[in-house]
Every structure is written in C-alpha cells, then in structure tokens.
Amino acid sequence: MFILDEMEQFQCEQLVFCQDPSSGLRAIIAIHNTKLGPALGGCRMWKYATEEQAVTDALRLAKGMTYKAAVSGLPFGGGKAVIIGNPNTDKTMAKFRSLGQFVQKLQGRYITGIDLGTTVQDMDWVNIESEYVTDITGSLGAFGEFTAEMTAYGVFLGIKASVGKVYGSELLKGKTIAVQGLGKVGYFLCRYLHEAGVQLVVSDINADRVKKVLNAFGARPAAVDDIFGEACDIFAPCALGGILNDQTIPQLKCKIVAGGANNQLAEDRHGEALHSSGILYAPDYVINAGGLITTAVDLGGFDAPYAKRRVERIYPTINSVFQLSETLSICTAAAADRMAEQVLAKA
Ligand code: NAD
C-alpha cells in the first residue's frame, strides 16, 4: 500500500500511526480536513484483518465526517481514529490511556469520541490523558441514547422533507415505511414514525429487537432478506452500510430511501442508480447528522434543548440538497457532495 497516494486519493491532511509496546496499542488517527475547525470523529475498535484495511477505513470514515460537518454548518473538520483489536477481548485501560496521550499530543487538531466498538468507559479512560474527547460520563453523548435519539429525530425530519418533495404534502399518516435495523437509531425512528401515524414494516437480525418494536408500535415484521422488496413508500436503512448496491436497488419498490445508516451507497455510482430508477435518496451524511450536531453542541457547552433545535436545521438542508440536485440535474448524493465541497472551498 502506498500510504501517501492513498491519502491523496482521499484528500486527507494527516495520518498518525500510533503504537505503544507497553499497552499494546496499535491505532491510526486520520485527520482528513481542518479548514472549518478541529477534526471531530469517534474512535472505532475493530479486528481488522490487515493494516491496509484499518488505514482505508480510517481515511474513508474521516472524509465522511468532514462532509457531514460541512453540510451541517458545524465549525469542525473531519477525523477518525481506529484501534486494531477485538473490542470484546482486547480492551484495556492502558490502551485507551495510551490513545489519549497520542490525541493530547495533537493539541486539539483531533477530538475523539465513541464509535463502533467503543464505549463511554473507554472515553473516560482517554479523558485521563486528554481533554480532546467527547462522549465521556456526564456529556450529552454519554451512553449514546440521546445522541441516537437526535440522529433519529433528524432522520424523521428528513423523511418529512422527502415526502413533501415526492408527494406534494408532508403528511406521514397512512404512509408505509420499511425500517431495516432496530437498534438505538432504528427504535427511536420507529417511535417518531408511529406517533405520526405511519404503518411500519421492520426487520432486524435480532429477534428480541423485532419483538420489542412489534409490541410497542404495532409494526409488521419482514424477513431480513425481504425488507428491500417490501412494497412501501419509504425504505429507511438503519443498520449497516453498503446496503444500496447492484443486488438490492433493483428489488426496491419504494419512492424514497431515507434512513440513519452511515455509508449506505456501496459505491458512488449507486446514488446515480437510485436517481435513474426514480427513487429520491436523502443522502446519508446529511440526514443522519443529528448525532454529530449533538456532539458539536455539547463541545460548545450548550444543552439538550439547543441540540434539538440545532438538529431541526437538517430539514432545510435536505431541501437545499434536493433543490441543487434539480437545478444541476445531478443525483442527490452528488448534490450533497457539491454542497459540502462548496463550503470547504469557501473556508
Ligand atoms: P445499533 O448497533 O444500536 O443498531 C444496529 C441494529 O442493526 C442492531 O439491532 C442490529 O441487530 C441490526 N442489524 C445488523 N445487521 C442487520 C441486517 N442485515 N438486517 C437488519 N438488521 C441488522 O446501531 P445504531 O447506533 O442504531 O446505528 C445504526 C446505524 O446508524 C449505523 O449505520 C450507524 O453508523 C448509523 N448512525 C448512528 C448514529 C447514532 O447516533 N447512533 C449517528 C449517525 C449514524
């Protein structure tokens, strides 16, 4: 792997390799872009098969954070840390303190937090060594519940904007929405949609989560592989990335794709594939920015009600993306990228 070429491809400012024999830490911090402010983005712990995979993941995720912060009007850049290791068996306080020392040495160029495989406890350990960490005990992001609720709230508002665009009215009552993934974000989203009178069709690989949503919101279950082909108005992916691809797009029977999952498009060209199939796609990093907005609000010292008000700006932002897509005759995914790149170019 040619690291500098790879960085250039992702337009990444700086890559920091961290290894500490005394704690066993092996980590990579990607600082993608700091034009708008310090690079903000969580720390993922994952059992990467190779170092190349860890580098690519850090670069890809950090770039996504830059674009998400830029379209959301936040004074932050994008960054991400990845720790190579099994989050279930390889975690120690020493590793996270060691990461904290590396983060501290960056003097605020990068601010870390929770991501896949890391918890509030881990961030509390980072915080022993560094002030540049969010999602610690007592913060708005602690335990992820409020952050996930705000992510779901932003997705809910983005769905309303999308429905308004496609159907000419934002009324959700009577619409059918298929939700894939009923974890933190999916559950809160189902709650908002149920309150708005939506008929829910849901799937999750975890049967207990499906049962919880069926009981609470009168949803109908779908098999994990069948959710894509469900007849519905909106498909809301809230589980894994890469689920909009050559196999799944031809199955879709919806008019809108709008959900909370990150990196929904397997490749950029799938944004175009949705567009040419006549399906309105609400770009993932625009509609799911509620969590990042909450973290940014917390870092600014503001409270939860302010975070909620700030998340409400996702609604006009999504409408601006749709408008730009129409004006330039490009797909919505490309329009969101243009918007982010315009903000960065002006900075
Ligand atoms: P979570 O781990 O709480 O929930 C994910 C759920 O998806 C789990 O219930 C899991 O069983 C289910 N799942 C996994 N594979 C599935 C499959 N093939 N079919 C159906 N269900 C499947 O995670 P979360 O915090 O709810 O995040 C969900 C998505 O939203 C992720 O892509 C995440 O990156 C993204 N996201 C989350 C936040 C946040 O604030 N939590 C913010 C932005 C984006």
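Cβ atoms here come from the backbone N, Cα and C positions, even for glycine.
Predicted automatically and left uncurated, TrEMBL annotations should be read as such.
Remember, predicted model here, so these are calculated numbers, not experimental data.
What TrEMBL records for K80 is active site, proton donor/acceptor. Close to K80 (active site, proton donor/acceptor) in the fold, though at least 6 residues off in sequence, lie I29, A30, H32, G41, G42, C43, R44, D57, A58, L61, A62, M65, D115, each with a CB less than 8 Å from its CB.
What TrEMBL records for G181, L182, G183, K184, V185, G186 is NAD(+) binding site. Around G181 (NAD(+) binding site), the C-beta neighbours below 8 angstroms that are at least 6 residues distant in the chain are S203, D204, P237, C238, A239, L240, A261.
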Which residues of the same chain, at least 6 positions away in sequence, have a Cβ lying under 8 Å from the Cβ of L182 (NAD(+) binding site)? C190, V202, S203, D204, N206, R209, V210, K212, V213, C238
G181 (NAD(+) binding site), DSSP three-state class -> coil
In sequence order, which same-chain residues at least six apart have a C-beta under 8 angstroms from K184 (NAD(+) binding site)? G144, E145, A148
Apart from G181, L182, G183, K184, V185, G186, which residues in this chain have a Cβ no more than 8 Å from the mean position of the Cβ atoms of those residues at the NAD(+) site? A148, Y187, F188, L189, D204, R209, C238, A239, G260
